[in-house]
Amino acid sequence: MGPSVRPGFLVVVIGLQFVAASMEVNSRKFEPMVAFICNKPAMHRVPSGWVPDDDPAKSCVKQPEEILEYCKKLYPDHDITNVLQASYKVTIPNWCGFNVTHCHKHGNHTVRPFRCLVGPFQSEALLVPEHCIFDHYHDPRVCNEFDQCNETAMSKCSARGMTTQSFAMLWPCQEPGHFSGVEFVCCPKVSLIPESTEAPKSSPPTPAKTENGLDDYTAYLKGDSKYMSKYANEHERFKAAEKVMQQFQRERDTKMMKDWKAARDSVREKKKTDPKKAMELNKELTERYQKIYHAYEQESIAEKKQLVNTHQQHIQSWLNNRKQVLMEKLQDALLAKPPKKSKIEKAATAYIKVEEKDKMHTYNHFQHLRDTDPEDAANIQDRVLEHLNLIDDRIRRVLDWLKRDPEIEKQVRPNIDKFMAKYKDINANSMKLLLRQEPTPKEAPVETQKAEDYSEEDEAAVTGTANKVKPTEARPEQQEDIKTPGFDSETFEDERPAIAEQTIHDLPNHRKKGYIAHVQQQPMIADEVSLDNLYANSHANSVLGIAIGGVVVFIIIVVAVVMLKRRTQRQRVTHGFVEVDPAASPEERHVANMQMSGYENPTYKYFEMQNQ
């Protein structure tokens, strides 16, 4: 009988384990909520749905303090710290009145429930669509409720001529249900690019598409699940999407330049027969392609910002999810009976480690933004500091949780402090760089020369590089030795090589490592449209070099001729000595000495006169 019963017992055990695992997964996704409609039972959320409360006193609760106490009463196993009205609405079925069990006809009600927040407050990650902007408003002196924060976000977007896409609370106050800031996403009411702007007739080639019909760039922006599983981590997904975006922009700009050069060639031919008409056509051509160029320029900037914002959102979402999981593990370890020191220490250090990763990512992103777009970096510097302060506050709250059990705190706190000491110097150096004020670059004067052919002037007019591009002094970048901890297997990506590579590509003056020069132009388009100017400058430099070389050679020849002529005219100096044949007789030597003294032999003189 024993062997026949054992398989059935194993099936029951495995089934119970499966049910327990399913309940654990569902509890991870479960978020406590309550909803109220006056004269109807209060509803609270459970993993299986919504459950009514027959207590009439809880039917019409409105004050945040009362709602917080109600949440703590309904969910005693959760650490409820605050309440927040949801930014979305939910439909609750079968919401009947008191003493009514079924009301199918009029039982569905759509309300905005209240979220019972568990653990430390964390602001939501907002999606930033294309051509939209993300901003925030924070006044620590004022604490507002949900509706007032909503009005603040709408007024801020309305002041920009935009509409509010979404918003979320930024920082909680001491009073439940009140917050001292709001973050929001504003979107334009109309399209960014005017419809009247003419674009090239033929569209640029389409990048290669994935198996589901989307290219890497589009799939990345849409968050396609199949695309997400194609790459190992977020860094690879971002680089693949960026590569496709840059390819698309290059092909689009190259096509525009080809069309423009073809139109310029037609104007040159027209100039031979009708110069006046050619001038008019050239002016019209310049204005038209100037609009196209600036439209493409703005579109490229918007696409790059959208890609970077999506990348930041993915990373922040990963970090927030990881924090939530580790926070729940820490809470479970603290509430365990009896609490285990090893689990508490492991959960606390893991959570602090993720928070420190969030810090390092924020530092790296801000430094990259400061190198590529100083103006945008200056605009978000205050928000970056607030984000870092929020991280520090959450870490302090986790450490305060340990104080609930002094014995456990005494055992695990030294190891946690030792672990946090690894990041102390890193945070200090990073904060020093973050608060560093960038000096204003000195602008150097730009000398321009008027070209004889108006087509080259039109090129500068279209691209806007004739007067807008102002070279600045290249200065060595003040690099500080910041030792960053190694990225372990839990890390989603190591962004530092990507940031360095992106900085080099984005800044046209980054030719050598350690130098920064800000140039006020769109590098990719401006480099392509200035090919004619580069060729003209190269030709002029070649002619000038040949002329200078010819003059130098001519001077060398003249000097050589003069020196040679002077040398041939130089007389031989004997200094009173005459070379005498060593084999001569003493008489011949005596005669030679007499001749050297001025004596002339009469016999020789006689014969010389006879020969003449």
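FYI, residue positions are counted from 1 along the chain as it appears here.
Backbone N, Cα and C atoms are what each Cβ position is placed from, and that goes for glycine too.
These features come from Swiss-Prot:
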type	residues	note
COMPBIAS	439-453	compositional bias 'Basic and acidic residues'
COMPBIAS	470-483	compositional bias 'Basic and acidic residues'
DOMAIN	223-419	domain 'E2'
CARBOHYD	N99	N-linked glycosylation site
CARBOHYD	N108	N-linked glycosylation site
CARBOHYD	N150	N-linked glycosylation site
REGION	251-276	region 'Disordered'
REGION	437-490	region 'Disordered'
TOPO_DOM	22-542	topological domain 'Extracellular'
TOPO_DOM	564-612	topological domain 'Cytoplasmic'
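Positions of the features from Swiss-Prot, shown on the structure.
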| residue | record | contacts (Cβ under 8 Å, 6+ apart) |
| --- | --- | --- |
| N99 | N-linked glycosylation site | none |
| N108 | N-linked glycosylation site | T91, I92, P93, N94, W95 |
| N150 | N-linked glycosylation site | F167, V182 |
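Secondary structure of the region 'Disordered' (251-276) per DSSP (helix as H, G, I; strand as E, B; remaining residues coil): 25 helix, 0 strand, 1 coil. Annotation note: N150 (N-linked glycosylation site) sits in a helical segment as assigned by DSSP.
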